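Here's the structure, in structure tokens; my notes come after.
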């Protein structure tokens, strides 16, 4: 009997150890150490939005690119230096921008509370506040993440889906970090904002148009992307949502139901029997979409964080201390 109890205790301890990363994140982590931290970040995000509206989309994309690669640990923000190859240099980071404004947010927080608030938490909280600026839901997020001392550039190509990734592969990648199918479909709703560069679209238009694209929509896309070999340096793109391009609403799902998805993964949402019911639910009920999107963001933001004595609190988000 004693041996059985000892085994049960050991099993419990192992389970607690396995989930310790998520357990140590908490609401209002900086309530005592930097009580105005979240307020400062929100103020900075708001000011930047009114100066540069596209920053709100950048904060949301940063969260995905940071958390899907190894951990929500701000490894994304590290610059290439001796011994460090930046994740931002990967082809998977094509089109990402506004990193310089992360430094502005960090400087404001550092001014109030030196070396207290992690860059990883700034990534998470700026995404949360950016979502609100995009008229999406306010999402309560836990904090207490610490910053990675290393880059995972060698994993970016493997872990960040390509622009032409199949839906099956995307679902599998999200599942591997604990995000279920419904939450994944909700997170893809982030495609409702922002834009897609023609470089990532032309294979669906040339030499022949993908038969799953609405013909009239295909003609519009050809106007936006008039050549099969667009210059990567040129600003040639199409909005994900032409009607409400900077609002995080459920128009994305209505569009894919009408065969107006830009990427392969968008259109495959309606041809896959596992995901089609969720697409229809989200298209019909924006509140339900926002609820599931919020759940997906929470799951994403809590992927394998560094906490306690792991990692560090960077003075400058671009470099290890």
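Residue 1 is the first one shown; counting continues down the chain.
Every residue, even glycine, has its Cβ placed from backbone N, Cα and C.
Not measured: the values here are computed from a predicted model.
Record features (TrEMBL):
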SIGNAL    1-23  signal peptide
DOMAIN    24-321  domain 'Plant heme peroxidase family profile'
DISULFID  34-113  disulfide bond
SITE      61  site 'Transition state stabilizer'
ACT_SITE  65  active site, proton acceptor
BINDING   66, 69, 73, 75, 87  Ca(2+) 1 binding site
DISULFID  67-72  disulfide bond
DISULFID  119-317  disulfide bond
BINDING   161  substrate binding site
BINDING   191  heme b binding site
DISULFID  198-225  disulfide bond
BINDING   241, 244, 249  Ca(2+) 2 binding site
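A map of TrEMBL features onto the structure.
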residue : record                             : Cβ within 10 Å
34      : disulfide bond                     : 17
61      : site 'Transition state stabilizer' : 20
66      : Ca(2+) 1 binding site              : 28
75      : Ca(2+) 1 binding site              : 27
87      : Ca(2+) 1 binding site              : 25
119     : disulfide bond                     : 30
191     : heme b binding site                : 21
241     : Ca(2+) 2 binding site              : 22
244     : Ca(2+) 2 binding site              : 16
317     : disulfide bond                     : 23
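Taking the centroid of the Cβ atoms of 66, 69, 73, 75, 87 as the Ca(2+) 1 site, the other same-chain residues with Cβ within 8 Å of it are 65, 67, 70, 71, 72, 74, 76, 77, 78, 148, 151, 152.
The separation of residue 67 (disulfide bond) from residue 225 (disulfide bond), Cα to Cα, is 31 Å.
Within 10 Å of residue 75 (Ca(2+) 1 binding site), counting CA to CA, the recorded positions 61, 67, 317 contribute 67, 317. For the disulfide-bonded residues given as 72, 225, the lowest number of other CB atoms within 10 Å of the residue's CB is seen at 225. Over all protein chains present, the Cβ of the residue listed as 'active site, proton acceptor' has 20 other Cβ atoms lying within 10 Å. Of all the binding-site residues given, namely 73, 249, the one with the smallest number of surrounding CB atoms inside 10 A is 249. The Cβ of residue 67 (disulfide bond) has 27 neighbouring Cβ atoms from other residues within 10 Å, across all protein chains displayed.
Cβ neighbours of residue 113 (disulfide bond) (same chain, under 8 Å, six or more residues apart in sequence): 30, 33, 34, 36, 37. Around the Cβ of residue 198 (disulfide bond), a 10 Å sphere holds 23 further Cβ atoms from the protein chains shown.
Among the recorded positions 72, 241, 249, the ones whose Cα is located within 10 Å of the Cα of residue 66 (Ca(2+) 1 binding site) are 72. Residues 241, 244, 249 make up the record's Ca(2+) 2 site, and a Cβ search at 8 Å around their centroid adds 192, 193, 243, 245, 246, 247, 248, 250, 251, 252 from the same chain.
In the predicted structure, the domain 'Plant heme peroxidase family profile' (24-321) carries a mean pLDDT of 95. Cα of residue 198 (disulfide bond) to Cα of residue 61 (site 'Transition state stabilizer'): a distance of 18 Å. Between the CA atoms of residue 61 (site 'Transition state stabilizer') and residue 191 (heme b binding site) there is a gap of 10 Å.
Note: the Cα of residue 73 (Ca(2+) 1 binding site) and the Cα of residue 249 (Ca(2+) 2 binding site) are spaced 28 Å from each other.
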